[in-house]
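Each remark here refers to the structure printed beneath this line.
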Amino acid sequence: MASVLSYESLVHAVAGAVGSVTAMTVFFPLDTARLRLQVDEKRKSKTTHAVLLEIIKEEGLLAPYRGWFPVISSLCCSNFVYFYTFNSLKAVWVKGQRSSTGKDLVVGFVAGVVNVLLTTPLWVVNTRLKLQGAKFRNEDIIPTNYKGIIDAFHQIIRDEGILALWNGTFPSLLLVFNPAIQFMFYEGLKRQLLKKRMKLSSLDVFIIGAIAKAIATTVTYPMQTVQSILRFGRHRLNPENRTLGSLRNVLSLLHQRVKRFGIMGLYKGLEAKLLQTVLTAALMFLVYEKLTAATFTVMGLKSTHKH
């Protein structure tokens with residue numbers, strides 16, 4: 001119990017949250033482009049650069065940062081939960097011994113499940129706020145009119161029921177493999193490098209963070225597309241119950257996507273996603289590692305986690 005409620009786990013959680021918020025703020029416009037490509041299927045522009053120019057031209061210079069606050073709020077909570085759970089479970093299971101690839105994957109998966117169940121409502125709301133006011137090419141999308149985060153929660157619960165806040169939970173649960181795979185490769189690559197040197201450089205951390213995220217994103221991207229569509233939940237031609245995003249709905253969306261756009265339709269927006277997530281993850285891990293190390297140094301503490 002002491003390992004779960006330790007100061008060390010809290011330091012890792014705060015550092016992870018700060019790192020993710022910093023990185024997402026820097027690369028937020030890339031995430032805006034990715035989301036438009038996933039949700040607005042009839043948009044003709046295919047590249048990140050073209051979509052961003054379109055958004056700025058049609059909706060204003062600050063449009064790529066629309067929905068920044070709810071996204072950052074959700075991301076901060078989400079990463080705090082994930083890093084806290086990951087490091088607490090690792091401390092309990094590993095108990096000062098060296099970890100392994102298998103243990104990192106299992107701990108990452110469990111941390112991901114906890115994170116999804118607790119924070120999905122925040123992501124549903126921020127997805128809708130981020131897309132509110134966007135000029136869609138798809139006429140099947142029903143516009144929203146939320147005044148803010150609280151009003152969005154109120155309207156969704158009033159009009160669609162409280163379970164609508166967990167739209168897309170099923171694909172989100174499948175997607176816990178994304179951070180699990182990411183952390184498995186990240187921790188594994190760190191272990192390999194630390195066998196050859198005493199300390200990792202900033203460039204080392206940036207590169208292994210980028211590699212780990214690139215692998216995880218490419219493997220799980222089709223499910224991320226389905227997740228975005230279900231969270232948005234404003235398509236007129238999707239009348240069936242989207243709550244929790246059942247396996248049937250997930251398979252149906254995957255089938256429709258392939259039927260309309262071919263197999264590459266499952267990877268629409270991947271360029272923007274890779275560009276954004278790889279750079280974001282790399283910067284996030286860099287800030288996280290530096291902040292964690294600095295905190296332990298200032299407080300005169302020594303990390304009990306062994307990689």
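For all residues, glycine too, the Cβ spot is worked out from N, Cα and C.
Across all of the topological domain 'Cytoplasmic' (1-9), the predicted model scores a mean pLDDT of 68. Under the heading topological domain 'Cytoplasmic', Swiss-Prot lists 1-9 (among others).
Annotation source Swiss-Prot lists region 'Necessary for targeting to peroxisomes and interaction with PEX19' at 1-147 (among others).
What Swiss-Prot lists as repeat 'Solcar 1' is 7-92. Counted with DSSP, the repeat 'Solcar 1' (7-92) comes out as 73 helix, 0 strand, 13 coil.
The annotation transmembrane segment is assigned in Swiss-Prot to 10-30 (among others) on the grounds of sequence analysis. Here the transmembrane segment (10-30) has Cβ contacts under 8 Å with residues 48, 52, 64-65, 68, 71-72, 75-84, 86-87, 272, 275-276, 279-288, 291-292, 295-296 of the same chain, all six or more residues outside its ends.
Residues or ranges marked as topological domain 'Lumenal' in Swiss-Prot (evidence: sequence analysis): 31-66 (among others).
Away from its own ends, the transmembrane segment (67-87) comes close to residues 8-10, 12-17, 19-21, 24-25, 28, 31-32, 107-108, 110-112, 114-115, 118-119, 122-123, 125-126, 129-132, 149, 152, 179, 183, 284, 288, 305 of its chain (Cβ-Cβ under 8 Å, at least six residues beyond either end). The annotation transmembrane segment is assigned in Swiss-Prot to 67-87 (among others).
Residues or ranges marked as topological domain 'Cytoplasmic' by Swiss-Prot on the basis of sequence analysis: 88-104 (among others).
Residues or ranges marked as repeat 'Solcar 2' by Swiss-Prot: 99-192.
Residues 70, 73-74, 77-78, 81-82, 85-86, 89-90, 93, 149, 152-153, 156, 164-169, 172-173, 175-184, 231, 233 of the same chain, all 6+ positions outside the transmembrane segment (105-125), place their C-beta atoms under 8 angstroms from a C-beta of that stretch. Per Swiss-Prot, the feature transmembrane segment maps to 105-125 (among others); the stated evidence is sequence analysis.
The annotation topological domain 'Lumenal' is assigned in Swiss-Prot to 126-160 (among others) on the grounds of sequence analysis.
Summarising the annotation, Swiss-Prot assigns transmembrane segment to 161-181 (among others) and lists sequence analysis as the type of evidence.
According to Swiss-Prot, the feature topological domain 'Cytoplasmic' maps to 182-202 (among others), an assignment based on sequence analysis. Residue counts for the topological domain 'Cytoplasmic' (182-202) by DSSP state, with H, G and I taken as helix and E and B as strand, are 14 helix, 0 strand, 7 coil.
If you look up Swiss-Prot, you'll see 190-199 marked as motif 'Peroxisome localization signal'.
Sequence annotations record features per position, and here Swiss-Prot assigns repeat 'Solcar 3' to 200-294.
Outside the transmembrane segment (203-223), and at least 6 residues removed from its termini, the chain residues within Cβ reach (under 8 Å) are 171, 174-175, 177-179, 181-186, 189-190, 193, 250, 254, 257, 266-267, 270, 273-274, 277-286, 289. For 203-223 (among others), the entry in Swiss-Prot reads transmembrane segment.
What Swiss-Prot lists as topological domain 'Lumenal' is 224-280 (among others).
Across the region 'Necessary for targeting to peroxisomes and interaction with PEX19' (244-307), DSSP assigns 50 helix, 1 strand, 13 coil.
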